[in-house]
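S.K.: The transmembrane segment annotation in Swiss-Prot covers 59-79, 84-104, 132-152. Residues or ranges marked as active site in Swiss-Prot (evidence: sequence analysis): Asp113, Asp139.
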Amino acid sequence: MVQFYLLTLVFIVVDRFAKLFAINVLRDLPNGIVLVPDWFKLMYAENLGIAFGLRLLPPEGILLLALAISAGLTWYVWISQNRSPLFILTFALILGGGLGNLIDRLIFGHVVDFIYFDIYQGTLFGKYVSLWPIFNIADACITIGACLLFFFHDKIFNPR
């Protein structure tokens, strides 16, 4: 269990430092920092919703849902007898990412996003679209954890 909590803490700390950089540096740069022209930049954004900026619930509902999921995930790992490295990594990524965004919601009332891949911006069927959202380290942790869960389900839950 110690490894799980330490790894979760590492993901939270990395996310916090990255978001502090976004707040202290990127917020004052309207065009962000271009790392690969026309493709990848760091750019400050405030996300009031959940994934892809969707606002399916009011802010209080999102906060309560995030708290419930984090508590449920912590409880599940606690009662599980599975201590395989892949199990610990997968759930530490998901919990660390979830708690990283939860901390933002508690402090700021929104999530700080700053990683932007400019895959396509333009008109599609007469409507302006941007095909990739701005995200953060916590979102990446959740996504990587979910992908591990999907692709390595049998290895995670049936370790040898």
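Glycine is no exception: its Cβ is also placed from the backbone N, Cα and C atoms.
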S.K.: Can you grab the distance from Asp139 (active site) over to Asp113 (active site)? Cα atoms, rounded to a whole Å.
M.R.: 9
S.K.: Let me check the 10 A CB neighbour count of Asp113 (active site). How many other CB atoms are there?
M.R.: 23
